[in-house]
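Listed in TrEMBL:
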- 23-46: transmembrane segment (TRANSMEM)
- 58-79: transmembrane segment (TRANSMEM)
- 99-117: transmembrane segment (TRANSMEM)
- 138-164: transmembrane segment (TRANSMEM)
- 170-189: transmembrane segment (TRANSMEM)
- 228-249: transmembrane segment (TRANSMEM)
- 261-283: transmembrane segment (TRANSMEM)
Amino acid sequence: MNRFHLVWLNCSLTEPYTPIFEIIYTFEIFLIICFILLSPFACYAFWKAAPLHQNIRLLFSATVLHGFLGAAARLVLIYQQLADDNNTDASISRLTAASVAREICFGYMMILLCFLSSERAVATYAWAWYESQADSTLAVFVVELAVAEMYSLTTAFFAVYEIYSMNTHVMVFAVTLSLGALCFFKLLAHNRRELQRLKGRQDNLGYCISRSYQIRENLAVFKIFRHLAVPCCAMAVPAFVFFIAYWWIPAGAGWNTTRLVCIAFYDMWLAMYDMMLLVMFISSDDKFQKSLRVFRLFDRLFDLLQPSVIPRPETATREQESNVYFSLLSKDLKL
């Protein structure tokens, strides 16, 4: 059975251009190692970001862990590129395993918005049960994670074992991402309308406060992803251009140097993209930063970057609530 391995280069192709590709590899490896080292701190920050719902904190942590998986797989692929020994059974097995792992990461990132939207849909329409954060609400995360993993594994195996073409693979990803974005913005608009409607409702103050709390949590989560949307899309454009240039330029068309440099920059740009995304994820909400300030290094770093690089989240006007319990919850989840 043919296999599509995510290794584009080898020593025989890059040796005439020494040390250009070695410099690219070195920078890429540096970014990957930084990402791997920062990942546990990011998971810690997300898990400690109470009172965000435990399922959201688990979702954020699972996202980082999938990024960790993709980064570790890329290190294996770089090793295979440098070793230039891809014909033995052991090498083929490593290449296949690493390619599948990296494709799983890509697939998870494509379905992430669908994952998030379905979780927030449950929070929106079953809020009375979901807001309690009872152990039973974990079932929502388990089921949705299982679906996301099945999708990621299926697309990964279909791509690596060439069950369908690369064009079909890209189309599946595009449809999944578009569907997730549509659900995301639909839920965002719905929650905004609900919050405005509750502001004018005075007949059941306890209900209004409780419902308002869940809507504010939804909007807080949506705000985090909106904070990431524009820079993520902007940073993804160069990677797309590099890959399309490599894919569309024929191997023997006289542009071989450009073609090889494009695919090397594609992998390096993905490493830079992952690192940028993780840093922006951590800085997207002051609760994440507060969790990391227990570490002296991050405390000093946030103090250094806060005025110029990391914008502080806007402080919302807090309504005067008579119910102290729900008032404290609402204040903590300010927008």
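Including glycine, each Cβ sits where the backbone N, Cα and C put it.
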When you check the transmembrane segment (58-79) against the transmembrane segment (170-189), do you get at least 3 Cβ pairs under 8 Å, counting only pairs 6 or more apart in sequence? no
Can at least 3 Cβ pairs under 8 A be found between the transmembrane segment (23-46) and the transmembrane segment (261-283), with each pair 6 or more apart in sequence? yes
Spatial neighbours of the transmembrane segment (228-249) not adjacent in sequence (6+ beyond its ends, CB under 8 Å) are 8, 166, 255, 258-260, 262-263, 265-266, 269-270, 272-273, 276-277, 280-281, 284
### Query
Should the transmembrane segment (138-164) and the transmembrane segment (261-283) be scored as in contact, given a threshold of at least 3 Cβ pairs under 8 Å and pairs 6 or more apart?
no
Per the Cβ under 8 Å criterion, with at least 6 residues separating them from its ends, the transmembrane segment (99-117) contacts 3-7, 59, 62-63, 66-67, 69-70, 72-74, 77, 144-145, 147-149, 151-157, 159-160, 173, 176-177, 179-181, 183-184, 187, 221, 225
